[in-house]
Amino acid sequence: MHIDYSQEAPAVAGRLTLSQIEELVAHPLETRPDKKYFIALSISGSLLLIGAICLGLTFYYGTGLWGINQPIGWAFDIVNFVFWVGIGHAGTLISAILFLLRQKWRTGIARFAEAMTIFAVMCAGLFPAIHTGRPWLDGYLLPYPNQHGLWVNFTSPLLWDVFAVSTYFTVSLVFWYIGLIPDFATLRDRTTSKFKKTIYSIFSLGWRHSSRHWQHYEKAYMLLAGFATPLVLSVHTIVSFDFAVSILPGWHTTIFPPYFVAGAIFSGFAMVVTVLVFVRKIFNLENIITIDHLDKMNKVILATGMMVGYAYAMEFFIAWYSGVQVEQFVFINRAFGPYAWAYWIMVSCNVIFPQLFWFRKFRRSIPVMMIIVILVNVGMWFERFVITVTSLHRDFLPSSWGYFKPTLFDIGILLGSFGLFFTLVILFTKSLPVVSISEVKAVADGAQPTHRGGHHE
């Protein structure tokens, strides 16, 4: 199939030559980190240390250190799990679905989004492990033959999460690695360090940029994109079943699977934009990660934000239309009860503020963009908090009502998860190319037959 790229806006600005693109992306890997890098790493490392201390104390003393109580048995652990799984959706969406749709604007941002997916899923995988209360027994969640007479409960949503998250992580990791192979070969040929050359040679698998290698690479990449695409839709659907398969008012609803998927893409894109704004500035990648890329991502944020807002409205409508008093009470209690502050933070951050992206001026303004995407991340965390806690804290009997207050250990573990995520992101920027060199070269001006006047060096 012939695709005419001549009518599209250039994916790479500034008329960069192919050698300039390679130099620009490889430069951070070939230079020593500066003071700003170590300051950022020390901040994220400090947050990670706080989380590790809180987790260590939790392992020693138990979940009694958290704010959970009766009837609120699920709180920050499940909230953080759903939040981080959602953050991990943007990378696969950008890499797989936009690749299959031949959207070449994905090339400048796909590598970084894929890396963020893997790091976010690593953060998410931590919480089901500690949620069990006995993390040293988590090995029994895997269905392996043993002599203990134990077997997993396949009807438990917790087990579904294990399979969904592990499958998603594995496919995303392989997909990310396959995309890195040509860049490993490029770095292998550039480096003068024997140690680095050995490492790059191992991971490049003998890649020689031959047409035969490219043919196999493109087939493998297409196949994995096909595998990853249904995973984007299925993983957060499985996560939504943690709630939807229960009979608890506020959870027992069929809107949760599409609602959770839209929310995951919404929060994932917001986090990618949040980090990319800093990356493009720090590493001088404004010509590769252009304002047009961010503009398109903001359009996706606007669209998915509208879907999430529609889901909020439909939840209230269905509760009213059902005629079930307990269901109606749950949603009235969300908006006007003890946790009304959390509900209205969620609505304002996820529905009201993203409406500014209707205006092109705001979509292309870095300060406005940063404020909105940070608010979206805050709002999406509160969405998971509202869904989890407000449905539990007022049960069928007023005598069993309760109120959840997070302890310092809850907050410390939350901060630790952000510390882990950003520590991995910061280390990634100096370890691997943050942009796919081979893919960006392929869409650069002059690389396509219809790009007349392009030049190579």
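All positions are counted from 1 along the displayed chain.
Glycine is no exception: its Cβ is also placed from the backbone N, Cα and C atoms.
All TrEMBL annotations are machine predictions without curation.
Feature annotation from TrEMBL assigns transmembrane segment to 37-61, 81-101, 113-131, 158-180, 220-239, 259-279, 300-321, 341-359, 366-387, 407-428.
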Whether the transmembrane segment (259-279) meets the transmembrane segment (113-131): three or more C-beta pairs under 8 angstroms: yes
Per Cβ pairs under 8 Å, the stretch of 81-101, 158-180, 220-239, 366-387, 407-428 packing most closely against the transmembrane segment (37-61): 407-428
Cβ contacts under 8 Å made by the transmembrane segment (220-239) with residues that lie 6+ beyond its boundaries: 81-82, 85-86, 89, 92-93, 95-97, 99-100, 157, 160-161, 163-165, 167-168, 171-172, 174-175, 178-179, 257, 260-261, 263-265
Other parts of the chain folded back onto the transmembrane segment (81-101), taken as Cβ under 8 Å at six or more residues beyond its ends: 109-110, 113-118, 120-121, 123-124, 127-128, 131, 161, 165, 168, 172, 175-176, 179, 221-222, 224-226, 228-229, 231-232, 235-236, 239, 242, 260-261, 263-269, 271-272, 380-381, 384, 387-388, 417, 421
Long-range Cβ neighbours of the transmembrane segment (158-180) (under 8 Å; 6 or more residues past either end): 81, 85, 88, 91-92, 95-96, 110-111, 114-115, 117-118, 121-122, 124-125, 128, 131-132, 141-142, 152, 203, 217, 220-221, 224-225, 227-228, 231, 234-235, 238-239, 241-242, 432-433, 436, 439
Stretch among 113-131, 341-359, 407-428 sharing the most Cβ pairs under 8 Å with the transmembrane segment (366-387): 341-359
